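Participant: Encoded as structure tokens, here's the structure I'll be asking about.
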Amino acid sequence: MSKKSVVSEAQEIQLAMELINLGARLQLLETEVALSRERLLKLYKELKGVSPPKGMLPFSTDWFLTWQPNIHASLFINIHKFLVDHAGATGIQAVMKAYKLYLEQMPPEPGVEPLLSLTRAWTLVRFFQSKMLAMAPCDKCQGKFVVDCLDLNHAYQCGLCNMPSRAGKTKKVKDARDAKDAREAKEARQAKDADSAATALLNA
Ligand SMILES: [Zn+2]
């Protein structure tokens, strides 16, 4: 590594700290910050109190095309595009600014991780740069959504206008439905028992 000024090193540390606090994984840090892996690991541990999670980054575009992630990813990429086109934001700074605005729009519940992590958001921008994903306007609401470049996207309808029937069915909802089904089955059984008891009585 070439000799760097103290100021530029301080700037890199500042950037790394901001990224780590926003939830960046090590692979993102290594790509975007001009500090050694050792320095990044040390910084991560100091800020988070634990070592960064191991393992490669999610590499597939599929996740961004599933129903709920698609809505979050679309919101993020619209903000990102606006900042790049109109506010002169570039590179990792544009990703960070857009991500902070995304979190303001979609604040996660306390103690819950945001649906779209910073690392995913950063990966999404890279998928756009490599032309694997793109934006297409919804035929109904005209909103722009993340789509696969290889799909046929004419007359595209977004996940909000054309909601899949199972969308948003969380475990809680499923449990409630299962409980209702069980209750109804029990009531039907009781009614049938009462009915046959009455019949038996009449025939006696
Ligand atoms: Zn729509």
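Residue 1 is the first one shown; counting continues down the chain.
Note that Cβ sites are derived from N, Cα and C of the backbone, with glycine treated the same way.
What TrEMBL lists as Zn(2+) binding site is Cys138, Cys141, Cys158, Cys161. Annotated region 'Disordered' per TrEMBL: 168-204, in sequence order. Per TrEMBL, compositional bias 'Basic and acidic residues' is recorded for 173-195.
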Participant: Please determine which of the binding-site residues listed here (Cys138, Cys158) has the lowest count of neighbouring CB atoms within 10 Å.
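Facilitator: With the binding-site residues Cys138, Cys158, fewest surrounding Cβ atoms within 10 Å: Cys138.
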Participant: Which residues in the same chain, at least 6 apart in sequence, have a Cβ under 8 Å from the Cβ of Cys161 (Zn(2+) binding site)?
Facilitator: Cys138, Asp139, Lys140, Cys141
Participant: Validating a neighbour-count step here. Other CB atoms within 10 A of the CB of Cys141 (Zn(2+) binding site): how many?
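Facilitator: Excluding its own Cβ, the number within 10 Å is 12.
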